[in-house]
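Each remark here refers to the structure printed beneath this line.
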Amino acid sequence: MTSTINKHLDGEGSVQVKQDPKVNIEEGALVIAVYGKGGIGKSTTSSNLSAAFSKLGKKVLQIGCDPKHDSTFTLTHKMVPTVIDILEEVDFHSEELRPTDFMFEGFNGVMCVESGGPPAGTGCGGYVTGQTVKLLKEHHLLEDTDVVIFDVLGDVVCGGFAAPLQHANYCLIVTANDFDSIFAMNRIVSAIKAKAKNYKVRLGGVVANRSKDTDQIDKFNDRTGLKTMAHFKDVDAIRRSRLKKCTIFEMEPTEDVIEVQNEYLSLAKNMLENVEPLEGTPLKDREIFDLLGFD
């Protein structure tokens, strides 16, 4: 007895969208996309980096690109409504919205937006990122922005992965000094290299996070042509700042806190003045497996 299996196109029945090439962020703004293994500290890094840019006198917009919508709460001190939720309330008639419905001011004037995402298993994260940028442009909210930071979910290398890369100048990859994080970073490098053929985005460098040492990261950088732009050790004040729902710049200025603050300020300054586009050559899975570890 034979059975007939109906085959469907990948994504059929899901919320899908093609990115509109006309929906771009104005030239002049520095646009950074932050990637990395899930749970590595991208939102912490993004929020503190946004705060650092604001400390340098820049007008900053942070866009959280994760259905968990927890990218900006240390800036706003609360969980803000997502763009997709707000659009659903008005049946996707964006002309009915006001900027205050979906954009919120956080620490030191940093403007915050959470794109949100479709229900699990029903679509692509790139859809809501594209809709978010479109909405911001419709309301002329990007015209006076100096820095835009996209905080992107996990290390998913799919169609939605390309949405922030359509707009970004540079990509920062957050990693720890361990195999899993660096393995994920290698996959992200591969994806960015592929997308860079069509978009202006380039690799900006590596952020070593929650790591006392960087020996494994250094090995990877030496082989692939990447560069560590900042190193944040496993400082308990960073963990406590998340629990306090604030940035590291709002914590009591202990020696450890001041060191972290200065590292973020240095990273922000380098991204503005001293960043060099990196080519980056990803390794094959077997090569990275053999590279990392102790001799």
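All residue numbers here begin at 1 and follow the chain in the order shown.
Backbone N, Cα and C define each Cβ position, glycine as well.
Here the structure is a predicted model, which means the values were calculated and not measured.
Annotated features in Swiss-Prot:
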- Gly39, Ile40, Gly41, Lys42, Ser43, Thr44, Lys68, Asn209, Arg210: ATP binding site (BINDING)
- Ser43: Mg(2+) binding site (BINDING)
- Cys124, Cys158: [4Fe-4S] cluster binding site (BINDING)
Counting Cβ neighbours within 10 Å across all chains shown, tell me which of the binding-site residues Gly39, Gly41 comes out on top.
Gly41
Neighbouring C-beta atoms (10 Å sphere around the C-beta of Arg210 (ATP binding site))
19
Among Gly39, Ile40, Gly41, Lys42, Ser43, Thr44, Lys68, Asn209, Arg210, the record's ATP-binding residues, the widest C-alpha separation in angstrom comes to 22
Taking every protein chain in this structure into account, which of the binding-site residues Ser43, Lys68 has the most other Cβ atoms within 10 Å of its Cβ?
Ser43
Helix, strand or coil by DSSP: which one applies to Gly41 (ATP binding site)?
coil
For Lys68 (ATP binding site), which DSSP three-state class applies?
coil
